[in-house]
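Engineer: Okay, here's the structure, questions in a sec.
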Amino acid sequence: MTNTVFFLFGATGDLARRKLYPAIYSLYRERKLGDRFAVIGLARRPKTSEQFREDVLESIKEFARYNVTKDEQWASFAEHFEYMPLDINNTEAFRELKTVADRLDDKFDVGGNRLFYLALAPELFGSVSHHLQAGGLLETPGWARLVIEKPFGYDLPSAEKLNAEIRQVFEEKDIYRIDHYLGKEMVQNINVVRFANAFFEPLWNNKYIANIQITLSETVGVEERGGYYDHSGALRDMGQNHMLQMLAMMAMEPPSRLSPEDIRDEKVKVFRSLRGFQSAAEARANTVRGQYAAGNLKGKPVVGYREEDSVNPESTTETYFAARVFVDNFRWAGVPFYIRTGKRLPVKTTEVVVEFKNVPNNVYLSKKHKLEPNLLVFRVNPMEGIYFKMNGKQPGSEGAIVPVAMDFCQSCQVGLNTPEAYERLLHDAARGDSTYFTRWDEVALAWKYVDKIAAAWGERTDNLNLYQAGTWGPDQAQQLLSEDGFKWWPVNGQDEGEVAWEFTKR
Ligand SMILES: NC(=O)C1=CN([C@@H]2O[C@H](COP(=O)(O)OP(=O)(O)OC[C@H]3O[C@@H](n4cnc5c(N)ncnc54)[C@H](OP(=O)(O)O)[C@@H]3O)[C@@H](O)[C@H]2O)C=CC1
Ligand SMILES: O=C1O[C@H](COP(=O)(O)O)[C@@H](O)[C@H](O)[C@H]1O
């Protein structure tokens, strides 16, 4: 049980509505919250606590994994929620907030533990920390932790500035920087599959692995988020955080213990080993950027990025990027990690594919047999599971070889109702487990890497490749792999042309 007062800054926002209230409700239903908790919703717009509870109910009805009805169970959950209109820029309001917090702490016998969740625009992160201190909210007999949403800065200098501001108030151990991909079941499963199975770890190196491919494709466009996204772009929005974090999970050495610091230390070593680019030309040669133009998605016409209402009609922001990344250490020398992400691609999926090298002196490798490499696939979303593709004899044939699959479909077994990333992360923050939150040194190194790419892109205006919405991005991203003799593997069983293996239908 996690006795906590949750201070939810940005309580009227999109993230709170779609992710945070449903997550808190699931934790309650699964008895991970207990009864000694309170949630204080904070935002500028005026509303009563009664209206707030109604809004929370609506969001849970729409987005939660559990059904909810306005019954006794709902009433006993909802009584833990209160709303207070508060403008971050008003220091005085934080004194009043302390009074509300102390009252709720007493009412629900919380014991002084405080979790400040900043679901706010990043410009406000620094001031909130200072005002919390000035308002006396950090003087508490329990713990006080800060949960910060992404983006953590726009580049390394801005991230450093933000970090310095927050660190004036909170110690690193009490800062929980969210990367919600680290809360996803299958991302957390990467370590388990790697380090708890005898048959993967011995092969997990440059002797046996040809390349690793990480795809994070989305069908959504930027829609109303242009205000943020047009300034950020795919590299900063997804590359600096989710993609490099997944890469680090794939590449890290086994930690000697399962403590948060041991695990994060291993990830930091990966970030330190990322091969930096010696020149802007080298950065450009190893990356591709694109922007979606009008096209068709699932049979419906969709507008191009520049036609989106919230976007500058002359925008040169990328909505797609791909990169060839090298981890220069003993284990990974010479193995390319290919990463790609984009909006308005044909399917919503996140997959990590490990492509193995051929066996030495493969007697089946001849014109007669079409052999495909072994693949191990982590399906992160929307379906969760692990897929392993190998070669086998076609039953009854004269030695024909066919691809066969071992398919562990977690979603089929557990249902699509596995815990949402935000549930896991909120619960972890409340019980003080920072394993799946990003530590400052990880964030800084990731920015250092990404800043080089952004700077190289910024030097030229001819590197933005338009791609039609509903396609797999610019052709240059295919070339990135074909230059090395590889190809992107189809994701999610989608046929991107010739697919040599049977996808096991679910
Ligand atoms: N939405 C999403 O899916 C994701 C969001 N994030 C991050 O989460 C954070 C929040 O995003 P999102 O919910 O989409 O943003 P929204 O714009 O939907 O919400 C912003 C919230 O901040 C409040 N707010 C704005 N200014 C002030 C102020 N001066 N004082 C007090 N409250 C203020 C707004 O309420 P009011 O106007 O009433 O004051 C509102 O509740 C951002 O950092 C974003 O990058 C990260 C990943 C995904
Ligand atoms: O952080 C972000 O992630 C979402 C994708 O998250 P998912 O869990 O739905 O895969 C992305 O749409 C958004 O642009 C980005 O800010």
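Here the Cβ of each residue, glycine as well, is placed from N, Cα and C on the backbone.
Annotation source TrEMBL lists active site, proton acceptor at His242. Residues or ranges marked as NADP(+) binding site in TrEMBL: Gly10, Ala11, Thr12, Gly13, Asp14, Leu15, Ala16, Arg17, Arg44, Asp87, Ile88, Lys150. Per TrEMBL, substrate binding site is recorded for His180, Lys184, Glu218, Asp237, Lys343, Lys348. Here TrEMBL flags 8-189 as domain 'Glucose-6-phosphate dehydrogenase NAD-binding'. Feature annotation from TrEMBL assigns domain 'Glucose-6-phosphate dehydrogenase C-terminal' to 192-489.
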Engineer: Rounded to a whole number, how many Å is the Cα of the residue listed as 'active site, proton acceptor' away from the Cα of His180 (substrate binding site)?
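Structural biologist: Each residue's Cα considered, the residue listed as 'active site, proton acceptor' and His180 (substrate binding site) end up 8 Å apart.
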Engineer: Gly10, Asp14, Lys184, Asp237, His242, Lys348: which of these recorded positions put a Cβ within less than 6 Å of any ligand 1 atom?
Structural biologist: Gly10, Asp14
Engineer: I'm trying to understand the geometry here, so how far is the Cα atom of Glu218 (substrate binding site) from the Cα atom of Ile88 (NADP(+) binding site), in Å to the nearest whole number?
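Structural biologist: That comes out at 33 Å between the alpha carbons.
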Engineer: Average pLDDT across the domain 'Glucose-6-phosphate dehydrogenase NAD-binding' (8-189)?
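Structural biologist: Mean pLDDT, the domain 'Glucose-6-phosphate dehydrogenase NAD-binding' (8-189): 96.
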Engineer: What's the number of neighbouring CB atoms sitting within 10 A of the CB on Lys348 (substrate binding site)?
Structural biologist: 13
Engineer: Suppose we screen the binding-site residues Ala16, Arg44, Ile88, Asp237, Lys343, Lys348 by Cβ distance to ligand 2 with a cut-off under 6 Å; which survive, in sequence order?
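Structural biologist: Asp237, by Cβ distance under 6 Å.
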Engineer: Just the number: how many Å between the Cα atoms of His180 (substrate binding site) and Asp14 (NADP(+) binding site)?
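Structural biologist: Just about 15 Å between their Cα atoms.
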Engineer: In whole Å, note down how far the CA of Asp237 (substrate binding site) lies from the CA of Ile88 (NADP(+) binding site).
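Structural biologist: That separation, Cα to Cα, works out to 25 Å.
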Engineer: Counting every protein chain present, what is the number of Cβ atoms, excluding its own, within 10 Å of the Cβ of Lys343 (substrate binding site)?
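Structural biologist: Its Cβ shell of radius 10 Å holds 25 other Cβ atoms.
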Engineer: Going by Cα-Cα distance, which of the binding-site residues (Thr12, Asp14, Arg44) sits nearest to Lys184 (substrate binding site)?
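Structural biologist: Going through Thr12, Asp14, Arg44 one by one, the closest to Lys184 (substrate binding site) is Asp14.
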